[in-house]
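**Q** So TrEMBL says this about it:
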TRANSMEM  21-41  transmembrane segment
TRANSMEM  61-84  transmembrane segment
TRANSMEM  105-131  transmembrane segment
TRANSMEM  151-173  transmembrane segment
TRANSMEM  193-213  transmembrane segment
TRANSMEM  245-263  transmembrane segment
TRANSMEM  275-300  transmembrane segment
TRANSMEM  320-350  transmembrane segment
TRANSMEM  370-387  transmembrane segment
TRANSMEM  407-430  transmembrane segment
Amino acid sequence: MEADDVSVREQLFHNRVRETIICVLLFTCLYIVSYLILTHFKKTAEFVTDDIEDATVNKIALWLCTFTLSVAVCAVLLLPISILSNEVLLTFPQSYYMQWLNGSLIHGLWNLVFLFSNLSLVFLMPFAYFFTESEGFAGSKKGVMARVYEAVVLLLLLALLVLGIVWVASALLHDNIARKSLYDLWEYYLPYLYSGISLFGVLLLLLCTPFGLSRMFSVTGSLLVKPRTALCGVSPTVITLHSHLLLSLIGCCCFFLFVFPAEMRRKASPWQRNLGYPLAMLMLLALTVMCVLMVCFNVLELLLDETAMPRGMEDPHLGMASFSMFGSLGAAVQVVLILYLMVSSVVGFYSSPLFTSLLPRAQDTNLTQIIANCVSLLILSSALPVFSRTLGITRFDLLGDFGRYNWLGNFYIVFLYNMLFAGLTSASLIKTVTWAVQRELIRAFGLHRLPLTVSRSTVPFRLLLASGLSKIQ
């Protein structure tokens, strides 16, 4: 009996060590990629200065930003990794080389991402901002530690202010629960704060994703060679800022900032010109329509089946059944849709008038702007698992503390959220397609040669139709 207990303890110890090594290796790779991305956008003059103190402070703040960005990327990959792991275990249930891939590893990864995302959002990023803006208390000895002391004091004051706001909000919403003492800080007030932050992130995704889905067509079109388009004399700066941002996002997963040079676009073959662009546009249209249809189907399920509600899951039983009714192919489509929604939300975020000023520029982004971008991306990415499960993009239930948000059990919030997303996305898609068709009709009928004093938007449809009939005759 004692030998069996020892063997069980040894097995648990080895499993924990193996999971720790895997998580450290994954996070190290993401940290390196994030650091390369931030060094591509940072302003070099802020890190190469005569003031050694300022350079040291900026480097420490950059390391904190790198940690935050790597956590954001890991949060984006949570659902894809979990879904693909389940399909791998279904395909190779008895494989010796897949024993390391289990529910304990996935559950631990979700818990780590939840912990680090809230740590970065509540403590590290505010500290990084206060650290770069501080100069030390008046009368104290100047140096890095003086800035640390001032930043820590400001962070404590901010924490007291936020906790006071949370207490007041809980008192307004739940009067009987608000009488809890400060001993319940960890059990009640912090989860309440996390629930509010997640709700804000999900609402931000609701606003940015439909707009980003409509913007994806123009952004992707600027990256591809359009049919019958002469690019002679076009410099590489023809790629817009949004296109450069999209390439940077793709580089996070595949390569690092891979930009198509203008020479390759000029030398594109007729197949690439006449086939690549239409296929890309059709693929984007198919993905967008598929997202809308899945959300509409989820709305029907919410009305008919209680299990369609998003909920938490304590023990992920991986390798038991597929999370898609279409098997491995459906799971692969779910992964593609989740990543597509994330890219679209980021494009929509930076395309909105409120956040256009945050758009990073290569070698010309100051540290304060980098901190703001890391916070924004972390809010969007940490809300992505809840966003995808709420819309019914995947049936993989939320693990760990991601499934303990207070508002997830409210049917009216979830139902209204699905309806708003389907309506906003459909309206944006219809508007984009309508304007594109109108632009092509104006171009085909030669109305783009009208004088600039004549507004093309005021050209009636009867004029378009009469011009088209005259051309046919």
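Quick reminder: no glycine exception, Cβ is built from N, Cα and C everywhere.
What you are looking at is a predicted structure, and each value in this text was computed from that prediction instead of being measured.
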**Q** Six or more residues out from either end of the transmembrane segment (407-430), which same-chain residues have a Cβ under 8 Å from its Cβ atoms?
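**A** For the transmembrane segment (407-430), the far contacts come to 195, 199, 202, 206, 209-211, 213-214, 288-289, 291-292, 295-296, 298-299, 302-303, 309-312, 386, 390-392, 398.
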**Q** Test of understanding: applying the rule of at least three C-beta pairs under 8 Å (pairs 6 or more apart in sequence), is the transmembrane segment (21-41) touching the transmembrane segment (320-350)?
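**A** These two segments do not touch.
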**Q** Can you tell me which of 21-41, 61-84, 151-173, 275-300 gets the most C-beta pairs within less than 8 Å of the transmembrane segment (370-387)?
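**A** Answer is 61-84, with the largest number of Cβ pairs below 8 Å.
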**Q** Looking only at the recorded stretches 21-41, 105-131, 193-213, 275-300, which one has the largest tally of CB-CB distances under 8 Å to the transmembrane segment (151-173)?
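**A** Answer, by Cβ pair count: 105-131.
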